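Undergrad: If you scroll down you'll find the structure; I have some questions about it.
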Ligand SMILES: *[C@@H]1O[C@H](CO)[C@@H](O)[C@H](O)[C@H]1NC(C)=O
Ligand SMILES: *[C@@H]1O[C@H](CO)[C@@H](O)[C@H](O)[C@H]1NC(C)=O
Ligand SMILES: *[C@@H]1O[C@H](CO)[C@@H](O)[C@H](O)[C@H]1NC(C)=O
Ligand SMILES: *[C@@H]1O[C@H](CO)[C@@H](O)[C@H](O)[C@H]1NC(C)=O
Ligand SMILES: *[C@@H]1O[C@H](CO)[C@@H](O)[C@H](O)[C@H]1NC(C)=O
Ligand SMILES: *[C@@H]1O[C@H](CO)[C@@H](O)[C@H](O)[C@H]1NC(C)=O
Ligand SMILES: *[C@@H]1O[C@H](CO)[C@@H](O)[C@H](O)[C@H]1NC(C)=O
Ligand SMILES: *[C@@H]1O[C@H](CO)[C@@H](O)[C@H](O)[C@H]1NC(C)=O
Ligand SMILES: *[C@@H]1O[C@H](CO)[C@@H](O)[C@H](O)[C@H]1NC(C)=O
């Protein structure tokens, strides 16, 4: 017991510099909170307090988490290797500020969680345990994970942190995690790829057009400056973005999250522009900017409603023929519900694109107009939507129900990265909450299967 407590202390000390359990990544925030979906999780400012309101107690939580910080994907790895090959082959003179690049060798891994990313997930598990202590001391979440290695490992590291916070006394650890396959042809509400007419996430033309249009608004002067500091490198506009990507990816490759030297090559305004670039990418891939974006999330959203209402019909009726695997959702071993089996805690692990589509399916950003591709919009203008505020690495949404003294019915609330996101179209109160029945009534898009029919010709 003592050694476990000491180990816990050691773990937090080892990473105390930049990432903490309570507020996430807090070093160089004017830069690091502007990396869109490449930012490490940080506690987002909330207009409404995310605490449990006085007179209420939490009766149900479904965590939906993105995996922790990872190395670049395989396709980006190729682009980054070419970037440095070109710089090293062709630069005839480096300015003092850029001189470190001369000896820089690109040797990051690919696809997997970084050590920092594993630590983020352990922190997330500890935070979840502490935040929902009235439930977590009594119950263990029902865990599900999409089958990709980095997602599964994230679920494991989260459960590790949860177990550690509990005092490492539960004999049922390691907790079972239901894996749902990402293979072609498999139905998976944590990886909705069945919809064949959906222009695939970030690679869709709509998302690419929005990114390119916005990039071209601000990148020229950055490109000129970088190329003036790397004589004859002749980097293209997209390579300037790739050079900016080196800042988040080299930062999260440091186990303690120490900010990378690449970050200082760009100023704060440029990081804001970059952040908005990443927000456009996600908005036009996964949310309302993409005609079938919200539809990708309806399967999970229906599962959430089934869990909140203890009603399996939402995942077995005719409208549920979406990304749901009906074999899994039919059985209480693979899709447990109450009230016969009390199950107030669920924890699901997935990817940024899936989280975005699920938020869109639930209509959480319905009051946000399509993001402009020519003018930077603030998070006030976008009603709290930005990729960095919603789907950073180790992002976590808490879908809560609470019982309150003054209310007959349970209330529903959504907290994304510590920010309360007020529910839409269900008479939300000043704390952003709706009664369960009004929340369910507002979810006709979900309970009708979204536009799933348009997925197939
Ligand atoms: C270096 O520049 C030359 C001439 O512009 C170009 O042909 C070559 O592809 C460049 N090398 C790399 C590695 O990009
Ligand atoms: C790059 O490496 C060379 C050879 O190891 C060394 O002499 C030089 O000082 C290094 N330059 C920088 C900027 O680290
Ligand atoms: C995270 O989980 C993986 C897989 O279970 C494990 O190998 C790794 O050691 C964990 N990371 C830490 C920091 O404990
Ligand atoms: C549904 O889940 C079952 C159990 O894991 C699996 O055998 C089956 O292949 C899945 N079917 C589809 C279409 O995903
Ligand atoms: C970008 O803006 C142009 C001009 O306003 C518009 O025609 C185009 O549809 C926009 N694209 C996206 C993806 O918003
Ligand atoms: C953080 O890690 C980097 C290398 O990953 C190391 O150079 C640096 O000294 C470490 N900083 C602290 C404060 O531990
Ligand atoms: C937002 O843009 C998408 C296309 O990118 C379009 O289908 C949708 O209708 C637009 N939404 C609104 C409210 O204009
Ligand atoms: C998988 O999804 C397809 C498309 O929605 C549906 O037709 C099929 O019945 C589903 N299979 C299972 C096992 O749920
Ligand atoms: C969000 O907007 C979509 C499209 O207009 C609509 O179908 C859906 O019902 C709305 N959701 C909520 C919760 O208002």
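First residue shown is number 1, and so on along the chain.
Here the Cβ of each residue, glycine as well, is placed from N, Cα and C on the backbone.
Taken from TrEMBL, the feature signal peptide covers 1-16. Summarising the annotation, TrEMBL assigns disulfide bond to 18-27, 56-404, 247-263, 426-434. As annotated by TrEMBL, active site, nucleophile applies to 67. Per TrEMBL, active site, proton donor is recorded for 352.
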Undergrad: Nearest to the residue listed as 'active site, proton donor' by Cα distance: which of the disulfide-bonded residues 18, 247, 426, 434 is it?
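TA: Checking each of 18, 247, 426, 434 against the residue listed as 'active site, proton donor', the shortest Cα distance is to 247.
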Undergrad: Given a 10 Å Cβ-Cβ cut-off, pick out the one of the disulfide-bonded residues 18, 27, 247 that has the most other Cβ atoms nearby.
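TA: Counting Cβ neighbours within 10 Å, the top one is 247.
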Undergrad: Can you grab the distance from residue 263 (disulfide bond) over to residue 27 (disulfide bond)? Cα atoms, rounded to a whole Å.
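TA: Approximately 12 Å lies between the Cα of residue 263 (disulfide bond) and that of residue 27 (disulfide bond).
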Undergrad: Would you mind reading off the Cα separation of residue 434 (disulfide bond) from residue 404 (disulfide bond), to the nearest angstrom?
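TA: A Cα-Cα distance of 12 Å.
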Undergrad: Select the closest residue to residue 18 (disulfide bond) from the following recorded positions, measuring between CA atoms: 56, 67, 247, 404, 426.
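TA: Closest by Cα: 247.
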Undergrad: Around residue 404 (disulfide bond), which residues of its chain at least 6 apart sit with Cβ under 8 Å of its Cβ?
TA: 53, 55, 56, 57, 411
Undergrad: I'm trying to understand the geometry here, so how far is the Cα atom of residue 247 (disulfide bond) from the Cα atom of residue 27 (disulfide bond), in Å to the nearest whole number?
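TA: Rounded to a whole number, the Cα-Cα distance is 13 Å.
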Undergrad: Just to verify a number: CA distance, residue 67 (active site, nucleophile) to residue 27 (disulfide bond), in angstrom, no decimals.
TA: 21
Undergrad: How long is the line from the C-alpha of residue 27 (disulfide bond) to the C-alpha of residue 426 (disulfide bond), rounded to the nearest angstrom?
TA: 38
Undergrad: Return the count of C-beta atoms lying within 10 angstroms of the C-beta of residue 56 (disulfide bond), excluding that atom itself.
TA: 20
Undergrad: Test of understanding: give the count of other CB atoms lying within 10 angstroms of the CB of residue 67 (active site, nucleophile).
TA: 29
Undergrad: Within 10 Å of the Cβ of residue 263 (disulfide bond), how many other Cβ atoms can you find? Include all protein chains, please.
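TA: For residue 263 (disulfide bond), the count of other Cβ atoms within 10 Å is 18.
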Undergrad: DSSP secondary structure for residue 27 (disulfide bond), reduced to helix/strand/coil, please.
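TA: For residue 27 (disulfide bond) - judged by DSSP and reduced to three states - the answer is coil.
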Undergrad: Please identify, from the disulfide-bonded residues 426, 434, the residue with the sparsest Cβ neighbourhood, meaning fewest other Cβ atoms within 10 angstroms.
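TA: Looking at the disulfide-bonded residues 426, 434, the Cβ with the fewest others within 10 Å is that of 426.
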Undergrad: State the count of C-beta atoms found within 10 angstroms of the C-beta of the residue listed as 'active site, proton donor', not counting that atom itself.
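TA: Its Cβ shell of radius 10 Å holds 24 other Cβ atoms.
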